[in-house]
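Working notes for the structure below.
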Ligand SMILES: *[C@@H]1O[C@H](CO)[C@@H](O)[C@H](O)[C@H]1NC(C)=O
Ligand SMILES: *[C@@H]1O[C@H](CO)[C@@H](O)[C@H](O)[C@H]1NC(C)=O
Ligand SMILES: [Zn+2]
């Protein structure tokens, strides 16, 4: 069989590129005229569908890959790859990668000159996206070779992703150091939101930082603003909180409130507000104003007030993100009656990865694995109430049934079998920390939506309200150390702009009060007799079938209501340590309780096995086997029998002899 033409072409390119300073594609005559050849380009309209959102609209032929016409480009394997890349990588790295490819496949032409994309942009993407290719066993496409087809800034390159960045760089260059922040109580488009968060991080550079936890299906960055005394790192025993808005794209109040909160915390810290300084000096707070930026766009297109109940609720794949998490609640109910059954660190079942998992959901799961969160709130709209787990009813046929977590059923005196007053149950305390200081939630005179929750103090167990599976809060509780509540901020999902200031006023104190709750209970470090931290040690509280595990530095946080508790620390290879602690009713800072574990006498045979987990293998609670970036692929894309092609090869079969063999690793 003759080698496919592409390989020949590739070989030609390699040869040509070996000549210094020579650009094969621009040099049909064989010399190296560089700019002369560039000048002679004829710009024509860019008419490739896959590249229609590029930052430019004129291209030239032949392209950098020697394609001589639009038709040739369209039938090339490189173009087919760009067209399906989004799907192959499940939304990861796109649209960036596609636009980068377009910059090579359909180079920018401007004023009779072909311009080349910037090498540093290519290199940045290569670093970020190589893992996505590795995960599907695909080689990095040869035409995204940063050294060959890209140019340096000295050579006058342009940024093909400029449009995605929304002109941020200019904003960032604005002078900072302005003490007062004028919060604009308006709706924020995606670009505006990103700008405000980045500007806030710049203004408060010593206590704030933005970072991305991944991308939405349509490629929007899921941007987080982090506030803490040392942004960018976990500090020993400093608890971490996350606040998430806009998981339902059409429920936008939470998104706006978190944007305002970011600015408020920054400027109050700078102004010397004692409470805010203390909070940020002792807590690491992560704000994700929009978990569903794609859905938001759909809702925003309809506009405030007009928006109905459902437009934009889902992500761009039409998935409801608050139904898309692994249903561990069923797993828990299935095993709850068994001896030693746990309600913590339950493994994600294999079959979950066979279904559709949104990139937004994956991003959150990955985030939860990377940061030892203690407390969380997810902000919704459409009603006025705070709900707490479980959201899924313990009786599948019962749509409304009180279904509490073990942290609710038990409490400070459970081990002495004295019934616990409801006001001392942890999730109720958390929900009340929000509702009790919210003027509307507490207002008895107002005729409001959610009025039916008034007599319960505007808090409710999720399943007692209405039952659903795959929610984020249940997942937080059953898979990680994090306790999450759900806040319904008001009846209107997409409030008019005039209502936003009042919404902020009503929710500012509840949010602060709630975040401060992360300092309830106990915290400390588990170490061995040499002072070496023990990670993944289990902290159990007698009477509560829900363990917390230590973070990599050996530190832990256990939210607990006031009262007396028996606390046990244990880890494989060590004997357990038991302590009795009493948390006074008015205590506002977590009491420090450290544990020093003694190794069990001899070798590994004497391991004290922790309670068994449901999942196979019983891996560490930070769940290596559940790594969403790997397991879905492992599960769905079974290893190929030797000699056969990877699953994605079917996309290219129709290309016949033009099949992109350069994507195959072996
Ligand atoms: C191409 O872009 C230029 C400026 O970027 C704009 O003025 C022009 O109208 C565009 N042409 C088409 C056909 O979209
Ligand atoms: C917070 O930390 C900063 C920097 O260490 C310090 O100047 C400030 O006094 C602290 N404020 C409070 C209330 O702890
Ligand atoms: Zn919602």
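In case you wondered, yes, glycine gets a Cβ from its N, Cα and C as well.
Note that this is a predicted model, so its numbers are computed, not measured.
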Range annotated as region 'Disordered' in TrEMBL, from 569-605, 606-642: 606-642
Distance from residue 488 (active site, proton donor/acceptor) back to residue 122 (disulfide bond), taken between C-alpha atoms, in Å: 42
Residue 488 (active site, proton donor/acceptor) - helix vs strand vs coil (DSSP): strand
Neighbouring C-beta atoms (10 Å sphere around the C-beta of residue 146 (disulfide bond)): 19
DSSP helix/strand/coil residue counts for the domain 'FZ' (38-160): 56 helix, 15 strand, 52 coil
Segment confidence, the domain 'FZ' (38-160), expressed as mean pLDDT: 89
Packing count at residue 122 (disulfide bond) (other Cβ atoms within 10 Å of its Cβ): 24
Surrounding CB atoms that lie within 10 Å of the CB of residue 488 (active site, proton donor/acceptor), all protein chains: 25
